[in-house]
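Per TrEMBL, these features apply:
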type   : residues : note
DOMAIN : 31-125   : domain 'PH'
DOMAIN : 146-235  : domain 'PH'
DOMAIN : 241-281  : domain 'Arf-GAP'
DOMAIN : 403-505  : domain 'PH'
DOMAIN : 616-796  : domain 'Rho-GAP'
DOMAIN : 801-870  : domain 'Ras-associating'
Amino acid sequence: ITSSVDEDSIYLGCTLSRSFNPENSDFHHSPVIKMGWLHKTPPQGTLVFQKRWVMLDAQYLQYFQNEKEVYSKRIIAIPSVTEVLNVGGQKFEVVTRNRTFLFRAENNSRSVREEWVSVLKETIQQRCNSMEMSLMNFSDASGVSLISKQGYLEMNGLCSKLYVVICADRVFLYRNAEEHSQGVGITSIEMNLGTVKGTDKRSFNLTTFYRTFSFVAESWQQREQWVEALQACVNRSLSSNAVAQKIWSEEANQHCADCGAPHPDWASVNLCVVLCKCCAGTEPFPEILSLFTLEMLCPSSDSEERQRFVTAKYCQGKYRRYHALFGQQEALNKALCNTIQTGDVLETLSLVFCGADVNCYTGDPELPSPVSIAQHYGQTLQVEFLNHNHNTGRSNETKAALPISHTGYLFKTASSTRAVTEHFSRRWCSLNQGNFSYYESEKSSSQSGQMKMSGVLCLVVNPQGKHGYGHSFELYHDSGRVYLFGEDSPDTVREWIKAIGKALVPPVAEDLVGWSFERVGRLRYTVGQSFHCPFLGWFSLGGSRLLLLLHGEDQVDNIDLRKLQELSVEQEAAAVVLVDRGRRLRVVGDRRPDFQGWLSGIQQGLGRGDGPLDQQQLTETDVPVIVDRCISYITHVYVSLCLKSEGIYRRCGVNSKIAALLLSLRHDARQVRLSEGERQVDNVANVLKRFIREVGEGVFNGHRASLPWLHTTSDEMRERVSQYQALLHSLPPVNRATLGAVINHLYCVQCFADENQMNMHNLAIVFGPTLFQTDGTDNSAGQVVEELIQNYQDIFNVSGSISQAVSAEELVCEVLRRGNIPPQQGVYWSCFLVNDNQEMERPLHYQEQALTIYFSLGKDCHLVVKRNCYMEAMLIYIGKCMITVLITKKESEGREGNMLGNITFSRRRCVLDGTSLRLYKEVKSTQPERECPVHALKVYYGIKKRLQPPSCWGMTVVCEQAERDKQQWYLCCESKNELIEWLATFTNLQVVSFCVHCNIYYFPQLFILFIFSFPFFI
């Protein structure tokens, strides 16, 4: 960006990108009528023509250095042009009152010249016929001047002063006041992308998207006046005059709602009122408690009177008209849901300002919020009003209970990317009454800048030394700006962070700033699967902890990021989804500059596979997910194969596969799914050993040097057990849980030593050097591990072995107890056996032996404790003790592998009694086609989708009369009730000792696909 001056104009070098198109942009007020290259003579009248890019609109004729320039070399108001004349063959003159501009068409084209002359004359004529604007467009149609300030200013880079005029939403630059009066200037500056900031006692900067203009006023008072006028110009440029005229067309909107001043300049969308500048600039602080009985304001009221009145009116609702339902929260919410279905916005306003919750739950899952109801009924205005009042709530939830104040010196810079102290400026900072302001010095009376704490989105505490100074913090403002402050003194920065944090969060969320957080702020979020109407919550992040205060709650929740069940990032939507203890939380970034920091911090808090144990991804029991996945895989796959393979943990796997698997687990263990394959068990076993051996600080967290000698300190095993217990309690929780999980696993493995040849001694030889991270030359580590396995129950305070006869009921009760899930009337929990491959599941009868079933499961099966949605209906049916099922005929085809060929669902008559299930081909048949005793039946919910069943109400019946005599039938019902009746009867007859006394139950016909005996098909 450059500036230069010649005898006629000033060159403000600043180019547009090549993709910029003036015809399609809003850079100009009026549409461009014509533009192109012309040649122009200098003002001295020499014959040397200079090539210029010329642009004409309805208000101005401008010419630029080239087609990419933003700011013109000259701007000529159309009303100042007296005539346009043809000169010679290709030239023409634009004549003003004091000067003539000579142009020549490019390439000596007569047609181009004629076109320019014609368009110019037509534009001038249209302006002469219009009385819309004066000479330089500096007054409106009624003749009222639009100029807010004008005068001489120095501009950096130029020797002479410029005459600057602030008019409406533009700033015009002239060489002198005479040019201003004649309508010929240098350039104009659009203010809709501008910002104004004081830089020195007399200087200030006007920054646009394209360049920064640095001006110097004659005095400090003049600088303040210019800055204020320019800021007002920026505000005007962002407003819409058409909207303002429509608002003012209402008679009640022609006066300020607070003081009654005429021609109010501001409109509050969420409050539905218009305000004058004085009242709009009064912040309604809820901290002000000493309120008096107030009368209406008048236009001459001072700022203190306005502030007291505004606080009483808008924060305390002192002058509102109370709704008939005031104080009845549920009735207010219900009335709001009804009103927003109509166009009565005034009634909605009355309900909201008397306490109706704009974020209340409507009771309809499809339309869960008032906004969704208004959208459904097409009430656009209601939707707009609700969105603007989305954060409306009690004042004590949005501001601090007591005013927070703090002052002191800090070093400040406007960019967080700079890391050198030379870019910082020392400023006197003050936090008071919810305003953070900074000055050049303690004695300065004028602010260098300020921000309201209500506009701060996020407070970030930077790592030590990140930005040059020893300690620093950042403030992200909702305007998009980032403020960086630093200081070498840790105590100074700590006090500032403490004060700003308390002023930032509501009083109920003070726990969010009462610890060593890394960032704290507000974010929008949704809970569950609904993406509509996100709420506003407060979040605080530090390390692996995420504290949050959700909407409507009065207690801070704590999420351990290491124990998250799932984390997914929606890049396009700029959102992150966290699943914690079954709760799905979707945090929305809103394209904010600070959200990337939130996302990065959350991802770092998940855990690092290359860190120590306490920095790993963890399960709910504090065991690293890597350890848990490996142990679970070996337990379910290896043990379920009856431990026929020998030497588990002694055999070597494939080194390349072990390294690749460990690398993927360290990157994100939760996303890794261990699959079965040749020697995969050996690979997983070696991954577990390698991880334990290489984990930072080891399992024993520094005790590994003394622990191997514990077994020699006493000859009495009881004393050694006490020493082991004392050392176990001295370990950090994650280390203690990891050691317990590993020793528990080894204890289970040695229980099958007859099959796998891995007794306690052999396991200790392998895991002694692994757990203690030694080279194996000293066998004392192995002796300690052997004693830990041998005395596992005493050292880890584990009760006796779980009985093989533990029932499904006892298992469910234990799971609910550990999950702190209280029993509820009408809510039934069951233990389900789930087969993922066959896409089916069955609830265990409450007296089935769960442990026996668990150890017989295949690799695709597992037990799950969850709610049984059919149980209540089944109990009701069993109580009635009768069954009536009618099913009409349907046919469908299915396929179960190549070995089965084409198979179809066919119609069969079924009879179920206390002894057997019989299938008849015809209704009148007396000889069953198939028969299976009840005790050999296993009934599962669901049918594999590949078979394309004729209805979704199906079940899979497995008949196992002998090891190699297995049949599998697929039965489909027509309705949910019929399915419940079948399931209830099967379940009731499954355990003979709990069967009710029933007669034979006839089920006239079902669609059945039965599969003949295949010894390998389950």
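Yeah, the Cβs are placed from backbone N, Cα and C, and that goes for glycine too.
Summarised by DSSP class, the composition of the domain 'Arf-GAP' (241-281) is 16 helix, 8 strand, 17 coil. Same-chain residues lying 6 or more positions outside the domain 'Arf-GAP' (241-281) and placing a CB less than 8 Å from one of its CB atoms are 296-299, 301, 303, 306, 309-310, 313-314, 345, 349, 384-385, 388-389, 392.
Looking just at the domain 'PH' (146-235), the mean pLDDT is 88.
Counting residues per DSSP class in helix, strand and coil order gives 22 helix, 40 strand, 28 coil for the domain 'PH' (146-235). Under DSSP, the residues of the domain 'Ras-associating' (801-870) split into helix, strand and coil as follows: 17 helix, 20 strand, 33 coil. Counting residues per DSSP class in helix, strand and coil order gives 22 helix, 46 strand, 27 coil for the domain 'PH' (31-125).
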